[in-house]
Amino acid sequence: MGVIQILGDGFPYKLVSKKIDLPEYQGEPDEISIQKCKEAVKQVDGPVIVEDTCLCFRALGGLPGPYIKWFLDKLRPEGLYKMLAGFEDKSAWALCTFAFCPGKEEPVQLFRGITEGHIVEPRGPRDFGWDPCFQPDGFDKTYAELPKQVKNTISHRYRALAAMSEHFSSQANDNGMPDTKKKKQND
């Protein structure tokens with residue numbers, strides 16, 4: 001399910017998806033999201049929303065974290081699971097951050113969603129990243145095994161989008177803002 005579908009009809013802004021090439025920054029998740037958002041604002045010369053996702057293992061002090069893309073590329077879900085073979089603690093958290101900036105000299109706002117879980121031996125379809133090895137707390141299935149409708153109501157991404165939607169909806173209600181303001185989204 002895409003950003004627009006998760007945000008629903010109540011989101012007070014129109015989103016336009018635009019692919020742009022952003023550098024792969026290094027640092028802490030918030031720093032990376034802020035840098036990506038500022039660079040995106042420069043490239044599109046207007047308001048932007050960018051997304052960044054992390055998968056963090058407690059036993060590894062939060063790694064792979066924002067570098068999950070590179071770990072997954074080399075190790076696949078099976079390798080991520082094997083990384084924790086020597087550790088008793090298999091707990092992890094999935095973090096999604098949406099960063100919004102209205103313009104070049106404006107501050108970046110961050111909206112985070114976290115889902116706690118565990119790294120397990122991969123199960124389910126292998127069509128979406130690390131979903132086969134992440135089992136959210138309170139469930140006996142991995143993200144990959146869960147029906148999309150269920151995953152989309154508990155995922156880190158959903159939670160970040162809900163925080164963003166709530167912020168902008170309350171801001172629009174408080175300020176009487178029209179729903180015609182456009183924002184750009186980078187997938």
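Any Cβ shown, glycine's included, is placed from N, Cα and C.
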If TrEMBL gives Asp52, Thr53, Phe128, Gly129, Trp130, Asp131, Lys151, His156, Arg157 as binding ITP, which of Lys36, Lys38, Lys74 does it give for that site as well? Lys36
Checking the binding-site residues Thr53, Gly129, Asp131, His156, which are within 10 Å of Glu24 (Mg(2+) binding site) at the Cα level? none
If you tally other C-beta atoms within 10 angstroms for each of the binding-site residues Glu24, Asp52, Asp131, the top scorer is Asp52
May I ask which residues of the same chain, at least 6 positions away in sequence, place their Cβ under 8 angstroms from the Cβ of His156 (ITP binding site)? Thr53, Trp93, Ala94, Leu95, Cys96, Gly113, Ile114, Thr115
